Amino acid sequence: MGLKALPEVPEGTPREADEGKLRPRGLGGGGERYWVRAPQRQRAPEVVPCLAREEGKHHPGPSAMQLLWLLASLLALSQALPFEQRGFWDFTLDDGPLMMNDEEASGAGSTSGVPDPDSVTPTYSAMCPFGCHCHLRVVQCSDLGLKSVPREVSPDTTLLDLQSNHISELRKDDFKGLQHLYALVLVNNKISKIHEKAFSPLRRLQKLYISKNQLVEIPPNLPSSLVELRIHDNRIRKVPKGVFSGLRNMNCIEMGGNPLENSGFEPGAFDGLKLNYLRISEAKLTGIPKDLPETLNELHLDHNKIQAIELEDLLRYSKLYRLGLGHNQIRMIENGSLSFLPTLRELHLDNNKLSRVPSGLPDLKLLQVVYLHSNNITKVGVNDFCPMGFGVKRAYYNGISLFNNPVPYWEVQPATFRCVTDRLAIQFGNYKK
């Protein structure tokens, strides 16, 4: 008898050779590839075919045991469920699918078991705005020329990326139903107007990135769940009192690149906030703003027009461990000003107009990095950095930059840097008039 051609397997049906193997699911946010195992069909036990009969030969009938086994096999086959092919989006990141990098997927690493598909919560993957990419509760709609927030965004979306579009307004119902949204990215649009209730549905929003727009004020009624606000490079000139009220979870605000002056901060503007990080760089500040949150660990005021540090300027910031004041016009730091910063570890005073090393550095027992390059410093004393005596400083310096200053570095005594971990941590020379 001639051999019959095997029937073609329809597209999308897992073949036997592919079952249990890893299949690519798509790319993650960082370009890594996610993999899952192909689902296995439920198979009925194999039925051994009857032996081919050769002409002219007698073949004995099947035994009672073979008939019993055959009957049991047919019964199992009749009760087997049909194969159900799962959709591409049936698995979600938060529900724990098997994720592997390319090296592991190639077989170089070990693999773990495949999760039970029936235990995975399905997503609303069918809802994806036209032109956007939707994957694992992430909806990416950047660089599409959108003029408004798209509709049909899945209710279980946790990250919505709308950056680099032409959106000019956020309306009342733009985010309706997105109560699970964790991060909203609106960077580099043309937003100038935000409805007072635009963010009301976003009860779980923690990260709001709305930089590089045309806002003239901080949006009202921000979600109380917000942890991080990035609103730099807008047109904000005023921070009114109460604009951050109720934001008890907020710990990071980036608001540089706005034309903010010292007079633009109303008294009590930051009341109630427990920030760890605040950046107001590239603004129009002439001094350190008053009444900033006393919980701050990092304060960055670089690229402003600050001219001096007075005694009371740093009085309330005893928890600072990083202070950025580079690229200003600072000529004077009043004696004792730095004594209010006992936990300071990093101090940036580069690109200013200082004529000497600030006093009080030896008393900062935890200070490890000092940037003083590109100033007008002409002399470095033997006790400018290190305290007198041994065992006083708790952490040695691992970085002191003094280059691009008119100081004759060959006159600096070696004992000046007795509390530095390595001489390579000191940067001198390269002064240009």
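Cβ atoms are placed via backbone N, Cα and C, with glycine included.
TrEMBL has this to say about the protein:
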- 1-33: region 'Disordered' (REGION)
- 13-22: compositional bias 'Basic and acidic residues' (COMPBIAS)
- 127-159: domain 'LRRNT' (DOMAIN)
- C128-C134: disulfide bond (DISULFID)
- C132-C141: disulfide bond (DISULFID)
- C386-C419: disulfide bond (DISULFID)
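Cβ-based neighbour count (10 Å, all protein chains) for C386 (disulfide bond) stands at 20. According to DSSP, the secondary structure content of the domain 'LRRNT' (127-159) in residues is 0 helix, 7 strand, 26 coil. Rounded to a whole number, the C-alpha distance linking C141 (disulfide bond) with C386 (disulfide bond) is 54 angstrom. With respect to their backbone Cα atoms, C419 (disulfide bond) and C134 (disulfide bond) stand 55 Å from each other. Computed over the domain 'LRRNT' (127-159), the whole-number mean pLDDT of the model equals 94. Each of the disulfide-bonded residues C128, C132, C141 was scored by the number of other CB atoms within 10 Å of its CB, and the largest score is that of C141.
When the alpha carbons of C386 (disulfide bond) and C134 (disulfide bond) are compared, the span between them is 56 angstrom.
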